[in-house]
Each structure stands twice: as C-alpha cells, then as structure tokens.
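Annotation comment: Swiss-Prot describes Arg23, Glu86, Lys125, Lys466 as (6S)-5-formyl-5,6,7,8-tetrahydrofolate binding site. Sequence annotations record features per position, and here Swiss-Prot assigns GTP binding site to 231-236, 250-256, 275-278 based on sequence analysis. Swiss-Prot lists Asn231, Ser250, Ile252, Thr255 with the feature K(+) binding site. Marked as Mg(2+) binding site by Swiss-Prot on the basis of sequence analysis: Ser235, Thr256. Look at Swiss-Prot and you will find 221-388 tagged as domain 'TrmE-type G'.
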Amino acid sequence: MINQDSIVALATPSGAGAIAVIRISGAEAVSIGNSVFKSIKNKDLTKQKTHTLHLGHIVDNGKTLDEVLVSVFKGPNSYTGEDTIEISCHGSTYIQQQIIQLLLRKGCRMADAGEFTLRAFLNGKLDLSQAEAVADLISSDNEASHHIAMQQMRGGFSNEIAKLREELLNFASLIELELDFAEEDVEFADRTQFHELLNRIEFVLKRLIDSFAVGNVIKNGIPVAIVGEPNVGKSTLLNALLNEERAIVSDIAGTTRDTIEDELVIGGIGFRFIDTAGIRETKDVVESIGIKKTFEKIDQAQVVIYLFDGLKFKASSSEFVSEIEQIKNKYPLKPLLIVVNKKDILSEDEVLNITQKLENLNAKLLLISAKQKIGVEELKNELLSFVNTGALRNNETIVTNTRHYDSLLKALDEIQKVKFGLETNLSSDLIALDIKEALYQFGLITGQVSNDELLGNIFANFCIGK
C-alpha cells in the first residue's frame with residue numbers, strides 16, 4: 001500500500017505569516033529538493049548527512065524565488081520513515097504557492113490528508129493509536145487534552161494493549177496446540193493460570209472503558225448548562241467566567257432568546273459554558289422555543305448550574321425550590337450547583353433564610369455576585385471538583401477515542417465469553433474462537449489488523465501537511 005512517489009504539502013497553517021514550512025517525503029524527496037535548491041556553500045543535498053540544515057535559495061529557471069533554510073532527514077530516521085526535506089521559507093502565500101508549484105513540476109504530487117502520518121504508520125514509525133494521537137495533539141487546546149495526547153503518542157496506551165494482546169496470544173497458542181492433539185486428550189494451557197490472566201485482562205479493560213467517560217469530555221470540553229429564571233444574571237455570570245462581553249446583558253426579562261456557548265480552561269480542563277433562556281412558564285412563543293432548548297442543553301450537559309436572584313428569593317422561594325427539584329428529579333445523576341446571585345447586596349438575614357430553605361436539597365450552594373465577580377473563583381473550583389482528575393494526576397492511561405472505546409467494549413465481551421467457556425468446560429475449539437475475536441479487537445486498536453477503508457477514514461481527518 002506504500003506509494004513510492006514523493007509527496008509535498010504545506011506543513012504550517014495556510015495563509016500569510018512570518019515563515020512557512022513546506023514538507024516533501026518519498027524516495028526522490030532529497031533529489032527533487034536538490035534540483036530547486038542552490039546552497040550558499042554549493043552543497044549537494046543528496047550527499048548531506050541526515051538531520052542537517054542548509055541555507056540557500058529556491059531557484060526556478062535562474063529566477064530566485066526566496067531565501068530558505070532546508071532541513072534534510074534521511075529515512076528511516078525521519079517522521080515518515082522515508083527521505084524527507086522541509087523547506088522553511090518566508091510566509092508569503094505567493095512564495096508558498098510558487099515553491100509548491102515548482103516542486104510539483106519537478107515530480108512531486110500533492111499529499112492527501114494525513115498522508116505523511118499514514119506513511120509513518122505503514123513504515124512502522126507509529127502504530128495506529130499513536131498516529132491518531134498526533135491528530136489529537138494538534139487539536140488539543142488545554143493542558144489535560146495535551147497531556148492525554150502526548151501520553152498516547154508516546155505509546156502509553158499502545159503498550160498497555162500490546163501487553164494484553166501478547167499475554168492472551170501466548171495462551172491462545174497453547175489452546176491451538178491442544179486442538180492439534182485433540183485425540184491425545186492433553187491440556188497444555190493451565191486453566192487456573194489462564195483464568196487469572198482473564199481476570200487481569202478484564203480488570204484492565206474495564207478501567208480503560210471507564211476512563212472514556214472522563215477522556216471524552218476532556219477531549220471535547222465539559223459542557224456546563226447555566227439555567228434559571230430569565231434576567232437573574234446568567235449572561236453576566238457567563239461574562240464574568242469568560243472575562244469578556246459574550247452574551248446580551250439587559251434589564252428586560254427573557255433577553256437571552258437562544259443558547260449561547262463559550263469555552264474556558266480551568267485547572268487545565270476545558271469547559272463549555274452554555275447560557276440558556278431560562279425555564280419559567282411563558283406564553284411568549286419565541287421565549288418558549290428558548291426554554292425547550294434549555295432542557296435540550298441540560299440533556300447534553302455534564303454539570304448544571306441553577307442560578308437565581310437572591311433578592312427575589314423571599315417572594316419566590318417556593319417557585320425556585322420547585323424548579324430546582326424539577327431539575328433534580330429529571331436529572332438525578334447530574335451534578336447540580338445552586339448559585340445565588342447578588343451576594344454583595346444581600347443582608348445577613350436574607351442569606352440565612354436562603355441557606356436554611358435550600359440546605360435539604362442535597363446540592364452544593366454558592367453565593368456570588370456575578371456583576372462584582374465575587375465568588376467566581378470559588379465557583380470555578382467547584383466545577384473542577386466534579387471532574388475525576390485522579391487518573392490524570394496518577395498518569396494513568398485515559399481513552400478519548402470512540403473507535404478505541406468500541407473495540408475495548410467488544411474485546412471485554414469476548415474475554416467474558418472465554419471466562420464463561422472455561423467455567424462451563426466448553427470445548428477448546430469454541431474458546432479459541434472467542435480468543436481470536438478478542439485478539440482481533442486489540443489488533444484493530446494498534447493497527448496490527450487494518451484495512452484500506454479503516455485507514456482512509458482515520459487519516460482523512462488529518463490536515464494535509466501532517
């Protein structure tokens with residue numbers, strides 16, 4: 001499947017900038033680069049050592065296009081495992097295109113999306129899960145997602161899967177051997193040891209599967225719905241959290257007619273805050289649509305903030321309590337923060353009345369002033385406490401990829417079938433079938449088992465120059 005042609009693409013983001021990097025990889029990469037490069041020291045790139053830098057000019061039919069710095073990487077000691085050069089030129093879009101067009105005329109072709117990393121995988125520089133981590137690393141926008149992607153790219157997840165696969169494969173070989181000597185009625189695989197191995201594999205698989213609940217939201221941002229009566233300061237709170245004017249702030253009830261989303265990183269974790277239209281009963285058609293969207297957003301949220309105006313609590317306490325209970329009853333498993341706004345102008349008696357009437361609702365209660373930004377940092381810390389960051393702190397493997405999660409679920413199902421087969425004295429040939437399916441799922445994760453369609457789907461999500 002490895003193409004022998006040389007590919008070229010812009011490795012830096014498209015558009016003008018201080019510099020741009022153009023990457024070429026393939027059997028003829030260095031010779032093609034050498035044909036358009038004139039070194040200031042008259043060096044021949046094809047005769048240079050790997051991992052060297054060379055200053056010179058890109059020349060097209062005697063015309064100098066740019067002064068550049070060329071990096072030479074000889075295979076297999078390169079990212080792709082092939083001969084590779086990278087041309088660092090000035091970031092003019094005109095210069096970029098002129099150099100790329102020149103390289104195409106000299107024998108390169110434009111790289112497909114993710115083709116450089118695909119070649120790295122096909123040449124054994126990365127396994128499939130590591131290759132996918134490259135894309136995650138590029139798209140990471142907070143400390144946690146960066147940490148997870150780096151760990152996976154360095155082989156943390158791959159090594160864990162490879163170890164499970166190797167141990168299971170060793171026993172599978174013994175089971176297959178028993179089938180070859182079926183008439184002898186002998187057991188080469190110690191059933192007690194095999195059962196212990198299956199228990200270990202099951203434990204690891206369950207831990208990895210459970211980690212996806214954390215990993216998936218870290219990768220995509222943890223959605224937090226800010227809900228409550230209209231005009232209680234939800235937009236002001238959102239702006240205080242984000243330190244910018246994002247939502248429409250007005251004194252007219254129901255101003256936030258639609259859901260508004262923005263992102264914030266707290267303690268290295270990405271959160272997506274969703275300001276909604278409130279949940280009061282209304283006859284206004286437009287506002288009713290917004291309220292419907294509020295409940296849709298609560299469905300999607302991992303955490304719910306119910307915000308109300310502390311000055312209105314005395315007159316409307318029964319309504320507030322009813323709405324909080326409605327949310328708790330409809331979403332009993334979602335973490336709920338009850339946040340009281342306008343703390344800065346509440347009397348001690350008002351604060352006492354609020355805390356006494358809400359203390360039995362079994363939800364965390366915070367008093368803040370969104371306008372004065374009082375209590376905002378405490379709110380951020382509470383949000384962070386809802387995220388299970390123990391696995392991150394302990395440097396454990398965390399699964400973020402849906403494809404991996406699916407294969408882990410299927411592998412666990414097969415392992416449990418094997419355990420059941422052992423416990424019920426199922427024949428070795430049937431047990432062997434379930435073992436093979438578990439091994440197949442492990443192989444899908446690392447790429448030891450793959451096909452063109454699978455690889456095409458994975459690498460199509462990469463940028464062209466990677």
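Cβ atoms are placed via backbone N, Cα and C, with glycine included.
Comparing Cβ neighbour counts within 10 Å across the binding-site residues Lys125, Lys234, the minimum falls on Lys125. Distance between Cα atoms for Ser235 (Mg(2+) binding site) and Glu86 ((6S)-5-formyl-5,6,7,8-tetrahydrofolate binding site): 48 Å, as a whole number. Around the Cβ of Ser235 (Mg(2+) binding site), the number of neighbouring Cβ atoms within 10 Å comes to 21. Separation of the C-alpha atoms of Arg23 ((6S)-5-formyl-5,6,7,8-tetrahydrofolate binding site) and Lys234 (GTP binding site): 48 Å, rounded to the nearest whole number. Sequence-distant neighbours of Glu86 ((6S)-5-formyl-5,6,7,8-tetrahydrofolate binding site) (same chain, 6+ residues apart, CB-CB distance under 8 A): Ala11, Val21, Ile22, Arg23, Ile24, Val70, Ser71, Phe73. The average pLDDT computed for the domain 'TrmE-type G' (221-388) is 76.
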